[in-house]
Amino acid sequence: MKVGAEVRRRGNREDGRQVMARLKKTVVMVGMMGAGKTAVGSALARGLNVPFLDSDEEIERAANRTIAEIFARDGEPFFREKESQVLARLLRGSPCVLSTGGGAFMAEGNRRMIREQGVSVWLKADLDVLWHRVRHKATRPLLRTPNPRETLRALLEARDPVYAQADLAVESGEGTVEQMAVRVREALATRPDVLETDE
């Protein structure tokens with residue numbers, strides 16, 4: 001059985017030849033809420049013709065409750081435990097693109113699992129970009145505070161040094177989702193142990 005997923009992507013080579021690429025490890029998108037992990041990860045997966053999975057959606061499916069409901073009923077420690085269990089299960093599967101919740105990479109055990117079985121890509125965004133993207137969303141339980149922007153700033157300050165431990169980092173600022181996905185694809189191309197091409 002061949003390891004990885006062999007795919008054909010639409011290359012922009014000058015000679016017009018199609019580029020074959022094989023994803024050999026799961027790509028794990030990490031970063032703050034609002035960084036674009038789900039949107040960019042989904043676009044990346046489409047471009048590589050591999051499955052896209054969202055760990056938060058998988059947790060909600062397993063619990064038959066929303067993330068906000070899990071936080072309210074069972075608390076954050078319970079959620080983090082379930083998050084680690086789901087992450088371990090997804091990393092054991094075939095190579096794919098996996099989006100994780102903003103706090104998933106904070107747990108050392110999760111970082112170790114990702115390092116051993118996949119490759120982490122940090123979508124890096126500043127406070128203004130993140131706030132613009134999340135301020136009108138009511139689905140972020142950690143931002144249900146009297147001053148959500150300040151809460152977001154404090155989270156960013158605490159988490160950025162940990163996100164910096166990711167294998168790769170890509171700026172998530174200006175540009176379309178597709179352009180950001182291309183930047184991630186280019187970063188992955190520097191890792192032949194992750195993405196193999198015939199170029």
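Cβ from N, Cα, C; glycine included.
Record check, Swiss-Prot: substrate site residues include D56, R80, R159, and the candidate from G34, G102 also listed there is G102. Maximum C-alpha to C-alpha distance over the listed substrate-binding residues D56, R80, G102, R159 is 18 Å. G34 (ATP binding site) has G102 nearby among the binding-site residues D56, R80, G102, R159, counting only those with a Cα within 10 angstroms of its own Cα. Each residue contributes its Cα atom, and for G102 (substrate binding site) and A39 (ATP binding site) those atoms are 14 Å apart. Here D56 (substrate binding site) comes close to I67, S99, T100, G101: these same-chain residues lie at least six apart in sequence, with C-beta atoms under 8 angstroms from its C-beta.
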